[in-house]
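Only one structure is covered here, and it is reproduced in the block below.
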Amino acid sequence: MAEILLTSVINKSVEIAGNLLIQEGKRLYWLKEDIDWLQREMRHIRSYVDNAKAKEAGGDSRVKNLLKDIQELAGDVEDLLDDFLPKIQRSNKFNYCLKTSSFADEFAMEIEKIKRRVVDIDRIRKTYNIIDTDNNNDDCVLLDRRRLFLHADETEIIGLDDDFNMLQAKLLNQDLHYGVVSIVGMPGLGKTTLAKKLYRLIRDQFECSGLVYVSQQPRAGEILLDIAKQIGLTEQKIKENLEDNLRSLLKIKRYVILLDDIWDVEIWDDLKLVLPECDSKVGSRMIITSRNSNVGRYIGGESSLHALQPLESEKSFELFTKKIFNFDDNNSWANASPDLVNIGRNIAGRCGGIPLAIVVTAGMLRARERTEHAWNRVLESMGHKVQDGCAKVLALSYNDLPIASRPCFLYFSLYPEDHEIRAFDLINMWIAEKFIVVNSGNRREAEDLAEDVLNDLVSRNLIQLAKRTYNGRISSCRIHDLLHSLCVDLAKESNFFHTAHDVFGDPGNVARLRRITFYSDNVMIEFFGSNPKLEKLRVLFCFTKDPSIFSHMACFDFKLLHTLVVVMSQSFQAYVTIPSKFGNMTCLRYLKLEGNICGKLPNSIVKLTRLETIDIDRRSLIQLPSGVWESKHLRHLCYRDYGQACNSCFSISSFYPNIYSLHPNNLQTLMWIPDKFFEPRLLHRLINLRKLGILGVSNSTVKILSTCRPVPKALKVLKLRFFSDPSEQINLSSYPKIVKLHLNVDRTIALNSEAFPPNIIKLTLVCFMVDSCLLAVLKTLPKLRKLKMVICKYNEEKMALSGEANGYSFPQLEVLHIHSPNGLSEVTCTDDVSMPKLKKLLLTGFHCGISLSERLKKLSK
């Protein structure tokens, strides 16, 4: 959509203006003025677009056409900036005088064209009376329907019985913290239906009650007035002083209030000034529903949260059946053919466990013949039909996102349905596309700001959490099928993303492509074989089994490509030839190679000076030339497996570019680097390094790391692979920020308490000799939550996890993972004091014959 392109333009103009100021100084003040004008004008246009979208949704074709013009303008401006920035950098590198260069004159001419187009858009807006918009009538109708539903006698719940019983007990518990229950979850899960049934069941146990729909654009005065009328405040008291009289009454009454669909915390800040706290001696209760977990957390605390989940398949079919037959128990599947029943099950399954989708679909089917042919037609068109019925409810959550977060959400459209996506990938692709920028004066890194956006998407229940890291951060996530459909539709509508199927046979659409994903090798080969013009392409995702993928790509100059992701899914190792034309992708910022890929990046990579992330999967064997260090913006170099790190790119020969060519403030991840290329001055130089892996650690490296002052200070993750027994004592006690430590050694190594960082949360030991001395040290680590021991040798057959006389043993440990132990036959913990927080014991790999004490047996199931 237009606002997404405008956001990208604004962010890129900020970057270019900063580069001009730093690199060229007063010499280019006139050029910086043009960039600043672009930035200001795009901000104003974006504000107008955000308001105008409501009128577009209402069906105003004039606004729709105007927004299309604005979108095309924003796209052309982005193309201009992407083409212009590399020329600034090249000109600066070779000390050309920009003012006299031809491209600077060309840029000035393009700016004048843009100014004329802006004036023309404003003329059209005024000429055809396309004025600023009022509230969208459709939204008002939707809000009114929700208010009616809130008071309707609809209390049938399917698949939520356990949730209902749990919440009922919680509400009637006298010790309920804050007196608040927060029902949260993604749109369509039945939060309001469940809350209504709870409210109606318990309200007779209170002196007064009220239920209010809050909405996305609430007015505190109207909400308080609604509550006052329902709890019995007299008209006179309302007219005298609504707030004071309402608060006074609620202080002495035992009440229950349901606040449905709260979108943000600001409205609660207004309401709580009047509504007294529920945890008073009176014993009042508050039920809230929200799409945003952070809202519930803010109002009632963490303990108030109750997150609804999609229905299981049988419960989905049960609800589907009830809605098909209008809850008439006398009419069921008894007279239906087995084929029709199976089609019905498939239709219910396509709804993804979302009650709203099931209800909408059943409503469509009730208006059709109950035949296999009619239902099959619905099944075949499920994606569109269900989406149409749920679109407004789901789209409200999207429209509520901050403008800057919307392209981040749409990025999920590039992935297949139900695909687990690493947070690291999303964060760095967002940064590569300039969706995330650090404003001047903000000391936080772009990665931190991007992580905030991801956390917000999860809190709003638009994205589902898949895995967390050792320290509670999001490790991976996925998007629900129904929301994925919405995401894809929105992305295609705005020309944000397409598949090859969408644009085949239409050269005009192909030429406008900005992001494309291939899931099929045949489609990919046919598409590239059609010789498409891909001059505007920014992002290319290829999920493929074809080793010749790079040969297909060699026919094109992806001069504006920012992001390239190649996922090779075949089971065998495939050698790929990456041609030298790979170096023509001079705008490339993010490169990810995943799967069984074997090959070498060409020396022309030296031209990819804007690369920020290189991510090589553990299954890939990719050699990097030394030219990679010419990418002075490089932030993350990730070899997921240390076996790949024996790589020529790490040479520090003075004849080739090397790691010292990098800007010292940029590099954050270096995983792995061979120790023979590791020097003391390197660590002192890389001041923002957060993740470091060293292969073949030497005594000199141990000595460097064990100094009293941490180098670097920002280090959070450290992985060390030893090939020999170090004579130097490891001392990492001066690294307070390290929370994850991985040690791999083939020989015996003595470690005392000073070997470990004071705040370590996750520790992995590989091929260690584990004895009682080492175990005694591990037991005392105060913040250790996860301990993983892989292929370790045990010089004692029995590993006793209990503490000494004082019982002090693994005070924070939650997960103990033992993989393929050697020489271990028994693991015991004979008291209830040791490991008080242990939740799980994992025995994996070859571990036959290991006996466990009773407590550990329960935790290993």
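Cβ from N, Cα, C; glycine included.
Annotation comment: Swiss-Prot describes 63-83 as coiled coil, evidence class sequence analysis.
Annotated domain 'NB-ARC' per Swiss-Prot: 162-388, in sequence order.
Shown in sequence order, Lys191, Arg291, Ala307, Leu308, Gln309, Asn461 are the residues of the chain, 6+ apart in sequence, with a C-beta less than 8 angstroms from the C-beta of Gly185 (ATP binding site). Among the features that Swiss-Prot reports, ATP binding site is placed at Gly185, Met186, Pro187, Gly188, Leu189, Gly190, Lys191, Thr192.
According to DSSP, the repeat 'LRR 1' (225-248) comprises 21 helix, 0 strand, 3 coil. According to Swiss-Prot, the repeat 'LRR 1' annotation covers 225-248, on the basis of sequence analysis.
Outside the repeat 'LRR 2' (305-327), and at least 6 residues removed from its termini, the chain residues within Cβ reach (under 8 Å) are 156, 158-160, 163, 166-167, 170, 181-185, 189-191, 194, 293, 296-297, 333, 344-345, 347-349, 351-355, 358-359, 361-363, 365-366, 461, 480. Positions annotated as repeat 'LRR 2' by Swiss-Prot: 305-327.
Taken from Swiss-Prot, the feature repeat 'LRR 3' applies to 388-411.
Helix, strand and coil content of the repeat 'LRR 4' (449-472), in residues and according to DSSP, is 11 helix, 5 strand, 8 coil. Look at Swiss-Prot and you will find 449-472 tagged as repeat 'LRR 4', backed by sequence analysis.
Annotation comment: Swiss-Prot describes 510-536 as repeat 'LRR 5', evidence class sequence analysis. Averaged over the repeat 'LRR 5' (510-536), the predicted model reaches a pLDDT of 85.
According to Swiss-Prot, the feature repeat 'LRR 6' maps to 585-608. Packing against the repeat 'LRR 6' (585-608) from elsewhere in the chain are residues 82, 86, 425, 428-429, 431-433, 550, 558-579, 614-617, 619-625, 627-628, 630-631, 633, 657: each is 6 or more residues past its ends and has a CB under 8 Å from a CB in it.
Residues annotated as repeat 'LRR 7' in Swiss-Prot, with sequence analysis given as evidence: 609-631.
For 652-680, the entry in Swiss-Prot reads repeat 'LRR 8'.
Residues of the same chain lying 6 or more positions beyond the ends of the repeat 'LRR 9' (689-713) and with a Cβ under 8 Å from any Cβ of it are 639, 642, 645-646, 667-676, 678, 680, 683, 719-723, 726-732, 734-737, 742. Annotated repeat 'LRR 9' per Swiss-Prot: 689-713, in sequence order, evidence recorded as sequence analysis.
Taken from Swiss-Prot, the feature repeat 'LRR 10' applies to 735-758, supported by sequence analysis.
Annotation source Swiss-Prot lists repeat 'LRR 11' at 781-804, citing sequence analysis. Proximity of distant same-chain residues to the repeat 'LRR 11' (781-804), defined by a Cβ-Cβ separation under 8 Å and at least 6 residues beyond the stretch ends, is recorded for 470-471, 753, 756, 758-772, 775, 810-831, 833-835, 837, 845, 856.
Residues annotated as repeat 'LRR 12' in Swiss-Prot: 810-835. Residues 778-779, 781-795, 797-803, 841-847, 849-853, 855-856 of the same chain lie 6+ residues outside the repeat 'LRR 12' (810-835) yet bring a C-beta within less than 8 angstroms of a C-beta in it.
Counting residues per DSSP class in helix, strand and coil order gives 5 helix, 10 strand, 9 coil for the repeat 'LRR 6' (585-608). Report note: the ATP site is defined by Gly185, Met186, Pro187, Gly188, Leu189, Gly190, Lys191, Thr192, and the residues of the same chain whose CB lies within 8 Å of the CB centroid of those residues, excluding them, are Thr289, Arg291, Leu308, Ile354, Pro355, Leu356.
Non-local neighbours of the repeat 'LRR 5' (510-536) in the same chain are 75, 79, 414-416, 491, 495-501, 503-504, 542-546, 549, 552-553, 555-556, 558-560; each lies 6+ residues outside the stretch with a CB under 8 Å from one of its CB atoms. For Met186 (ATP binding site), the same-chain residues lying six or more positions away in sequence with a CB closer than 8 A to its CB are Arg291, Ile354, Ser397, Asn461, Leu462, Gln464, His480, Leu483. Across the repeat 'LRR 2' (305-327), the DSSP tally of helix, strand and coil residues reads 12 helix, 3 strand, 8 coil.
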